[in-house]
Amino acid sequence: METLLNPSKTPNLFIPKTHLFKPYFLHSNFNPQPHSSFNRRPLSITITCKVKTSQGRKNDGKNISKKIVLTDSAPELSNEEIKAKPKGGGKAWGVIKKFPKRVLAILSNLPLAIGEMFTVAGLMALGTAIDQGESPEYYFQKYPEENPIFGFFTWRWVLTLGFDHMFSSPVFLGTLILLGTSLMACTYTTQIPLVKVARRWSFLQSADSIRKQEFSDTLPQASVSDLGVILMGAGYEVFLKGPSLYAFKGLAGRFAPIGVHLAMLLIMAGGTLSATGSFRGSVTVPQGLNFVMGDVLGPTGFLSTPTEAFNTEVHVNKFYMDYYDSGEVSQFHTDLSLFDMNGKEVMRKTLSVNDPLRYGGITIYQTNWSFSALQILKDGEGPFNLAMAPLTINGDKKLFGTFLLVGDTDSSNVKGISMLARDLQSIVLYDKQGKFAGVRRPNSKLPIEIDGTKIVIVDAIGSSGLDLKTDPGVPAVYAGFGALMLTTCISYLSHAQIWALQDGTTVIVGGKTNRAKAEFPDEMNRLLDQVPEIVESSISKKPDNIGG
Amino acid sequence: MIFSTLEHILTHISFSVVSIVITIHFLTLFLLVDEVVGLYDSSEKGMIVTFFCITGLLITRWIYSGHFPLSDLYESLIFLSWGFSLIHMVSYFKFKKRKNNLSAITAPSAIFTQGFATSGLLTKMHQSAILAPALQSQWLMMHVSMMVLGYAALLCGSLLSVALLVITIRKAIKIIGENNNFAFSFGKIQYMNERSNVLLNTYFLSSKNYYRYQLTQQLDRWSYRIISLGFIFLTIGILSGAVWANEAWGSYWNWDPKETWAFITWTIFAIYFHTRTNTNLEGVNSALVASMGFLIIWICYFGVNLLGIGLHSYGSFTLN
């Protein structure tokens, strides 16, 4: 542990932070703080002893700090100091008082947070590698005990740890909760004091301390007020006090990480609300039929409470699909009418994919479709409705089929006409032997003759696959999303600080920045080039482009 | 018909130009003709030509197919190589004065992705396909373009970190190999850990080490900046994807493999930023995390598509 204390003739309290070795396990740190006051005090030294119980802060991170003031100057007030004084009597009370602080300190430990993040990432990766939501037999088969993966991973691991439903398992949720509490603790202990520090501005009073900055330069014939004007033109906020100058830019970049953490907490809270308080349901409704919302929606958690809107009746007026010229489906549409308990129509809208219907907090999405029935005329009689059944084939494409009995219905060997369809626009017909007979479109009304029977396809009745959902957490989550996007963008800004001191006719400039370290020297050089050089023979300044 | 031939021409031009640029870079590397500014200039012009070619290619596809050119794997690969050349352009124009080491990373990345996309592996995907109903949304432009740009920037940044690791490990192996006195090796470890100019002035002993230190420092800073940018894009991409999913499918997070892996990528780079807050772990450790991120991005972008399952199955392909 090194201490670098510079009790010099001028109040000079610069901390070259990089000189201090910060081995990981070290628990205390001796760190003199800059004194941000205006009056020049001879030999006023403030030693701040920080008792850190954990390492890994941002550069100026503060924790509980006790100040030992050596002179009679007024001590710098910080809130932490007052909190550190134990109030009340009794040892037990003191221990209880310290307990939340200890927990807080443990939780805001950075390596713990990093470890938690790694754990979350690893669990998520495992969750994608192991198939989720299958029956136990599947896992018995896939991870057998006779032949364990890596020598130990069997189905017992999967089922006891809940890896078959990883994303709602206690292990995963517990790690997420721990991460959330770490977030809260870290924001409270580290980030908020950081705000206080960053807002304090301090002047550096000695040329040496300025030279020790990351970037430093000397301008031989210049004036510090010219530098101030140039910096102001470049967007810095400049403070000038006598011969010394302090300028900064991009302070928002220091605050934005707090915003990021708060936004994440908001998202987590909203997500928890969604998980415990929403209703979900899905239904496939043939064209022309109704359903009541409340019948279809089921709760997902213990906070779910139904609303008045659940009594609404939904009527599917029409379901139709749009097609490309090549025959592929381009869009699904469902024309819906909503009726309230009294039978009055309250809403009418045509849904499609990416365009849901919103009513009373409930949202209806078009997610699927099915073939309900085929309406045909047989030999001029009818119309008959033949129910279409889904046939299983590989791939995404659907296939539906139905069967029309022809001839003797009592014999054991029944024969008939088969009709298959991939979508609602064309039906393929096969005769009694299973040979291809023809293709008909429902709106053409053209008859087809198969084995002596005349068939006319009147209509193809589809059914709409709808998903219903109500989610109280969505506003919070969306707000969190917006905040996260905004604060992440802002935290890209770099907080640059510049100090300068007028020493006779030379100006000594030093600066540092926290993010854009690569570009900072170039930017500084560009700015310094613009500072005019004072030529000694004349009082008026010649704006030369020659700088330090 | 003109559009498809135009597309073909642009693809081939961009591919050949980038190969020439790569060859020039390798020549300068092996023949050590660093001082030949003319060659460097022509390689920079070559990259500019490539950028315009790929832009033209994307615009042609856009006009021809009627939808934003990001609907399947082939188009997203072209977009990724466009992202690389865009990063190259931006860094070139921002830092015109100094020679930029970044081009050594972006140019090969652009060519490899371009080459893979146009190679025989994915021939059947070259024609523009029609868009499934779920993809017909304005969100497509924002979500996918942000994600792919984010991947491009993060890949660049993690490659820079890998380069930093390679240099540092080679140096470390040399230190262990050399039987130096304690002070010398102590000094090297010092400046690997510290950023202070003062210590540097007192401890480095040879100019070769100084240049190498400069290089690692420059790589470190560049990778930090680029990964920050990529992280912003990735965040916006993931969040806009979640909002789109809510509009289209009713729920903003489905633990779909692709979504989960994008979240894992986001987490790894968040870990990268947090390791950098502590100056102890800066440098090598954060570079290690970023290198892990490189692998994870490829798993996220490519590996999940190989599975072909889940809500993101548009991006899948089969190797035939």
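A Cβ is built for glycine as well, from the same backbone N, Cα and C atoms used for every other residue.
Because TrEMBL annotations are produced automatically, they should be read as predictions rather than curated entries.
Annotation source TrEMBL lists transmembrane segment at B:12-33 (among others).
What TrEMBL records for B:45-64 (among others) is transmembrane segment.
Positions annotated as domain 'Cytochrome c assembly protein' by TrEMBL: B:70-312.
Taken from TrEMBL, the feature transmembrane segment covers B:76-95 (among others).
Annotated transmembrane segment per TrEMBL: B:102-122 (among others), in sequence order.
Positions annotated as transmembrane segment by TrEMBL: B:142-167 (among others).
Residues or ranges marked as transmembrane segment by TrEMBL: B:222-245 (among others).
The transmembrane segment feature in TrEMBL is assigned to B:260-275 (among others). Away from its own ends, the transmembrane segment (B:260-275) comes close to residues 147, 154, 227-228, 230-231, 234-235, 237-238, 241, 281-282, 285-286, 289-290, 292-293, 296-297, 299-300, 303-304 of its chain (Cβ-Cβ under 8 Å, at least six residues beyond either end).
The feature transmembrane segment is assigned by TrEMBL to B:287-311 (among others).
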Stretch with greatest number of CB pairs under 8 Å, the transmembrane segment (B:76-95) reference, B:142-167, B:222-245, B:287-311 candidates: B:142-167
Cβ contacts under 8 Å made by the transmembrane segment (B:142-167) with residues that lie 6+ beyond its boundaries: 68, 70, 76, 79-80, 83-84, 86-87, 102, 105-106, 109, 212, 215-216, 219-220, 222-227, 229-238, 240-241, 244, 262, 265, 269, 283-284, 286-288, 290-291, 293-294, 297, 300-301
Intrachain residues whose Cβ lies under 8 Å of the transmembrane segment (B:222-245), provided they are six or more past its termini: 87, 101-102, 137, 139-140, 142-144, 146-147, 149-158, 160-161, 164, 251-254, 259, 262-263, 265-266, 269-270, 272-273, 276, 286-287, 290, 293, 311
